[in-house]
Structures are given as structure tokens and as C-alpha cells.
Ligand code: ATR
């Protein structure tokens with residue numbers, strides 16, 4: 001039974017809206033499993049009130065907070081320090097409060113790479129075709145290069161955004177920007193294909209390219225976690241390619257936040273199971 005006392009630590013998530021967030025369920029399960037005396041609650045924070053909400057973290061000694069859309073960028077200047085990924089991305093998804101000193105982290109990209117490792121996918125020395133150059137694409141591309149990928153080819157509908165991101169990543173490794181139309185010619189030259197766009201969430205979404213052309217030799221990853229198998233993943237599986245769904249990224253970005261806050265080894269299997277039960 002959940003026992004809340006005067007000593008219980010408070011954690012939560014800021015979002016606007018926040019009602020669809022799965023983090024309260026996942027983090028509460030993690031605290032409960034390890035017997036940590038803490039609760040994790042959703043806070044709907046209108047962007048115009050973010051400054052007051054951050055002051056509230058200090059004032060009320062809230063121990064840690066996750067940050068989701070549309071606040072990840074806006075919170076950066078309100079914190080005392082940020083880690084390297086958050087500084088590069090200009091976006092924070094995790095805040096730790098230590099006696100009023102607020103440290104910001106971004107665990108999205110590392111969570112993505114952790115989820116690949118969990119599936120036995122080694123990125124070292126690999127060439128990755130990354131589709132999408134938005135916030136998620138940026139986080140994933142940065143982590144891939146930092147953690148040993150040989151090259152990241154960024155394909156985006158708006159090619160200028162891919163070029164701009166490639167420029168920012170140049171000092172971290174080999175990067176190239178291409179248009180979505182170039183993707184089909186690159187499929188045989190890459191080890192991993194990663195979709196970081198939202199295309200595929202809806203049944204009616206068109207394909208990003210002709211999925212029949214996916215070679216069996218590649219690993220295909222979709223950061224979308226619902227549906228469990230997007231059209232991209234279904235087609236890749238049909239062709240004999242290894243596939244990885246986005247649920248692992250959601251779990252592992254949360255697991256890293258949990259470790260930052262508590263210093264404890266996160267109960268990954270429990271976190272994943274409660275999400276699976278909620279989603280399917
Ligand atoms: P997120 O934070 O989830 O990455 P985002 O920053 O809004 O969200 O980025 C969305 C990404 O999905 C972009 O790469 C976007 O391409 P554009 O830069 O050309 O807009 C991509 N995207 C969204 N809808 C798309 C569509 N219908 N076809 C192709 N790409 C799409």
C-alpha cells in the first residue's frame with residue numbers, strides 16, 4: 001500500500017498539457033519497487049507560469065522534475081546549471097533539486113542508445129540513417145555520435161533543417177544532410193535506420209519512403225511507441241530486418257532520470273511492464 005508521510009519526497013513532471021504523460025505511472029512503479037519513500041505527480045504548467053513553477057520547486061523542496069513539451073527549451077535559462085547534452089540541445093527533460101540548486105539534464109538521446117544496447121544493437125563504428133531533424137532527431141543524433149557511431153546521415157523533409165543540424169554536429173563526428181527523396185538510394189549503405197518523425201503514429205500516415213526497399217541487413221528503429229509496430233517496422237520485419245520500437249527509449253530516458261535523482265539502479269523491467277500494461 002502507498003504510504004505518504006511528512007517525510008515523503010515529492011517528484012513530478014511539468015508539461016502543457018500533461019494528462020497523457022506515462023511518466024507518473026512509470027516513476028511511481030520504480031519508487032515503489034525499490035521501497036523509496038517518494039511520490040511522483042503531474043503538474044500542468046502553462047508556459048507563461050514556468051518561471052513561478054521553477055521558483056516553486058525551490059520553495060517547496062520538490063526533489064526532481066521531468067520536463068516535457070512545450071517547456072523543455074524554456075526552462076534552460078531558469079536553471080543553475082545544465083549537462084553537456086542539455087547545453088548542446090538547448091533542452092532539458094530532467095531537473096534535480098539539491099538544496100535549491102537546480103541542475104538540468106537531457107536523458108532522451110542516451111535513453112535512446114541505452115534502449116538499443118538493451119536490444120543487443122551495437123552502434124560503434126556504424127553508419128546511421130536518421131530521419132527527422134526536430135527536437136527528437138537532434139537528441140538522438142547527438143547521442144549516437146557521442147557514443148561511438150561512425151556516421152549519421154540526417155534526412156529531413158525540410159532539407160535546410162537537416163543541413164543546419166548537421167552543421168551543429170560537425171565537431172562531434174561525421175555527419176551528412178540529405179533530403180527525404182535521397183533516402184531510397186542510401187538504404188544499402190547504412191547499418192541502422194531510425195525514424196524520429198511523428199509519421200507513422202496515425203494509421204492514415206503515408207510512408208516516409210518505399211518500405212519494400214528496406215534490406216534485411218539493417219536494423220530499423222522507430223521512436224514511436226504506439227502502435228507497437230508502425231508500418232515502417234512491420235515492413236522492415238517482413239523483409240527480415242531487425243526492428244526496435246520506441247518504448248525502450250521512453251523507459252530508458254526515465255530510467256536515467258531516476259538514477260540521477262536517487263543514485264539507485266532503476267528497475268527497468270518493472271518500468272517497462274507498467275507501460276506495456278497501460279498501452280496494450
Ligand atoms: P519532435 O520534438 O518530436 O522531434 P518536431 O521538433 O516538431 O518534433 O520535429 C518533427 C519532425 O518530424 C521534423 O523533422 C519534421 O520535418 P520538417 O522539419 O520538414 O517539418 C518531421 N515531420 C513531421 N511531419 C512530417 C511529414 N508529414 N512528413 C515528413 N516529415 C515530417
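Cβ atoms here come from the backbone N, Cα and C positions, even for glycine.
Marked as domain 'Shikimate dehydrogenase substrate binding N-terminal' by TrEMBL: 13-95.
If you draw a 10 Å sphere around the CB of residue 108 (shikimate binding site), it holds 28 other CB atoms from the protein chains shown. Annotation note: residue 108 (shikimate binding site) sits in a helical segment as assigned by DSSP. Annotation source TrEMBL lists shikimate binding site at 21, 22, 23, 68, 93, 108, 225, 253.
Taken from TrEMBL, the feature active site, proton acceptor covers 72. Residue environment of residue 72 (active site, proton acceptor) contains 23 other Cβ atoms, counted within 10 Å of its Cβ in all protein chains.
On its own chain, residue 135 (NADP(+) binding site) has 72, 89, 91 as residues at least 6 apart in sequence with a Cβ closer than 8 Å to its own Cβ. Annotation comment: TrEMBL describes 84, 132, 133, 134, 135, 136, 156, 157, 158, 159, 160, 161, 223, 246 as NADP(+) binding site.
The feature domain 'Quinate/shikimate 5-dehydrogenase/glutamyl-tRNA reductase' is assigned by TrEMBL to 122-198. Across the domain 'Quinate/shikimate 5-dehydrogenase/glutamyl-tRNA reductase' (122-198), DSSP assigns 36 helix, 21 strand, 20 coil.
For the domain 'SDH C-terminal' (246-276), the DSSP counts in helix, strand and coil order read 25 helix, 0 strand, 6 coil. Per TrEMBL, domain 'SDH C-terminal' is recorded for 246-276.
For residue 68 (shikimate binding site), applying a Cβ distance below 8 Å and a minimum sequence separation of six or more within one chain yields 13, 14, 15, 18, 21, 23, 93.
Between the two most distant C-alpha atoms of the annotated shikimate binders (21, 22, 23, 68, 93, 108, 225, 253) there are 18 Å. If you take every residue in the domain 'Quinate/shikimate 5-dehydrogenase/glutamyl-tRNA reductase' (122-198) and average the pLDDT, you get 98. For residue 160 (NADP(+) binding site), the number of other Cβ atoms no farther than 10 Å from its own Cβ, over all displayed protein chains, is 11. Non-local neighbourhood of residue 225 (shikimate binding site): 245, 246, 247, 249, 250, 275, 279, each in the same chain, at least six residues away, with C-beta under 8 Å from its C-beta. Fewest Cβ neighbours within 10 Å among the binding-site residues 156, 158, 253: this applies to 158.
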